[in-house]
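K.L.:
According to TrEMBL:
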DOMAIN    5-437  domain 'UvrD-like helicase ATP-binding'
BINDING   26, 27, 28, 29, 30, 31, 32, 33  ATP binding site
DOMAIN    456-725  domain 'UvrD-like helicase C-terminal'
């Protein structure tokens, strides 16, 4: 701490040496905006330039708005104070023309240049700029367009990928990654296909030998990792085509994991050790190298496919005159590089370029700023462009470079730093900290002196101490503190809950000392947890303002909603049914589920409620099953999105979000998702299962959910990346139970030099929420991966620096008494003499001013008219009906069936038969459909057995001579009382009108007579049960027959096909 400004010489140079180019390395809290503004004001004050000749580039729109206010305010102050008329006139003119000075983001500046010279940039003069979310939607649209085109014109491309074990639906995430690197050369090298057969034969022999050592029955606690891999590999080998490399690779991958055995699950310890050793040796010596070669072999194919896909994306953008952020940079850079006259024009117009937060900007921006300021306007190599004296002023802090995932590049920063010095500029350091008290900075210096090297390296910035200007005055709360989660909290969810409660109590205590809610900022290392902390703080009566990419799919309420909606996909799915019952919407306990099972209840919505069940549990189950049946009726009778809307409304989901303090933004996000799905529904995605899958995907990916409400007295919650440039008197570093090894996320490495940029990309697919499986890699990928890891590991230290330096008075660090291995803040806990906060029990909740009690009688009196109107509106005027509605499925639910049936299997068979009838080839269709439902390849034979049986039927014989035929025929009609169909469907004597809709699987005409076929795929085991099932479906097929006769006025027959007593 010192009252002396130790870097005053540098600040004076910034303000006064206007003909020198500078790169300013401004530490956290060093007043860089003040220095930037002072230079801009002095450019005007000294007559060096006019205000419209200044361009100041900021990292965000918010920073630009702040800079505008500061700049205008300082110009006004200087104008009011200035006595010299000439200088006062300059300042006054600058105020009048302030709107002509460009202060904004680099993308906005690029758009401005391109709109001014669109012809030279080869652009439509009315081009539009794409926001990030619009760009993502356009990419997805282009991707689907590309896949459709490939399917129609070059299906062999898809076949080739499938033969290599690559499904195109696993490539879209990789396409999104590659879209961000259009300026980079994608490096790939063709190699010969590796021979897998010899090693595969060796593995099979070893596995067949190992099979004899496996326990005869699965151990009580399940197979260990080694046993699981052996049994899974043997099962796959039984069903694969041994001449297909992709199947062999699939077997190999069973051993790409830790196989350490659990000896008490083996009958013989020596066997366990022997096969563990043998399989590990074989994997390391032969299998792993072959898997690596295989991924290198298919890498060029994946690159080529993604390249072709992105060509369609680029074509769509060009046709619609759309530019994303990357296009704005690239096209502006090309415009300045290739058009000397344009460069001269803009150089004369914008004479002074000031760039803020340069350490986190795109590498293309570095090229662009050198072109715009260069002495030689004919030079096309940016590293040889020497800036005009004083024309370039760059501010950045390499210790705060944390956006590598968004293309920010330390190599580019370091190269610009070298060029500035080589070309006569100067690098200055600002280390005086005007933000943080010395009681915080002195301890932080202990940490960062160890985290940063004394001299900069290619991967890391040099250490610079935080020199505090302000000394704490021994106030009630200052310095570095900790909040400890007790040792008995060991699960992540429990730790977050307790940590959130700790932070809530700490803030409530400090509010009583005179602090305001807006004095607190809660930071998490990752997006995960933001919503939970917001919810916990709000439940404890604290106002909250959240900013950042909170994923609504992480909220408990949204997870439970998806469980409920997925339970309605297949009403016979016992697992999903049970999960829905246990969820927050029905609240049935494990004990009550046990009572249900013991009383003879079945886990299906068609189950009857056992009479012997205890009354309380009986009531809960009755309500739950009744409502689930209602929801399933909606799913079957209404459009999927309408059904989902009604379910969400009926369970009170929106009020639940309000009660649980999620606020308006979570509700708004869900409404936006549902509206987006409606658009997809219009485009043809109308199957409930697909809509449900799409909803879950969008909920899990909905990240741009909420943004901080400005100027509100509320605790601010966000992740570290959102906190850049912000500060608060007290900062809490939350969530001490998650730290991700950066190596797990490495998918690319970009190698830049003065003349080229080369990208090395690895492709993978998601195999779970946090797990990925490698698909393809470039040659020498491990070397490039380790190089990228060095950059990312060093970036972690910078992320810690950014987090810790947001605090003004106090930094509060969450930790666990159990262990801090997963704590992202653990390095900060190494400082000496940290005091743990003493938390007192606080009364939760806030006092509600002017509270008024409204009685039930008052409510009824005030709302009598509305309630009467609502009562009248509840009278049913019509009903809906489908032939599959209101069926008592419990009649056939208990019949013995072969495994592997259900709704998904029915959909697969229906799809296959539809294509067979239409004469379409199914050799690609069948494996693709099976794969889309995650069914094994061994089921393919079952599908063809069904097809074979169908082609041997009378139906197939009739189809060969049919006059006409239709598949999947939708129909709808209005049936009023008195209609001959009315008695077949009426379930409520008070309803006069039924709206009927349905889908007939197959209808064809032979000898002037219609024939209706309804496919059924129940896999019944016993011959005697077939009669029950046929009788059960009889009403449905009779209605189809009568309805078709009513619609066509022609004779019609109808039959059911597909009910067999053997395992088709």
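Start at 1 and count along the chain as shown; that gives each residue its number.
Placed from the backbone N, Cα and C atoms, the Cβ positions cover glycine too.
Automated prediction, rather than curation, is the source of TrEMBL annotations.
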K.L.:
Does anything in the same chain, at least 6 positions from residue 31 (ATP binding site), have a Cβ under 8 Å from its Cβ, and if so what?
P.N.:
430, 432, 434
K.L.:
Whose Cβ, among the binding-site residues 26, 28, has more other Cβ atoms within 10 Å than any of the rest?
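P.N.:
Counting every other Cβ within 10 Å of each candidate, the maximum falls on 26.
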K.L.:
Any idea which of the binding-site residues 30, 33 has the thinnest Cβ neighbourhood at 10 Å?
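P.N.:
With the binding-site residues 30, 33, fewest surrounding Cβ atoms within 10 Å: 33.
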K.L.:
Taking the centroid of the Cβ atoms of 26, 27, 28, 29, 30, 31, 32, 33 (ATP site), which other same-chain residues have Cβ within 8 Å of it?
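P.N.:
My list of surrounding residues reads 35, 397, 430, 433, 434, 435.
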K.L.:
Give me the long-range Cβ neighbours of residue 32 (ATP binding site): same chain, 6+ apart, Cβ under 8 Å, in sequence order.
P.N.:
24, 26, 356, 395, 397, 430
K.L.:
Would you report the average pLDDT that the model assigns to the domain 'UvrD-like helicase C-terminal' (456-725)?
P.N.:
84
K.L.:
Just counting, how many other CB atoms are there within 10 A of the CB of residue 27 (ATP binding site)?
P.N.:
24
K.L.:
Which number gives the other C-beta atoms within 10 angstroms of the C-beta of residue 29 (ATP binding site), all protein chains shown included?
P.N.:
24
K.L.:
Which of the three DSSP states, helix, strand or coil, fits residue 26 (ATP binding site)?
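P.N.:
Residue 26 (ATP binding site) sits in a strand per DSSP.
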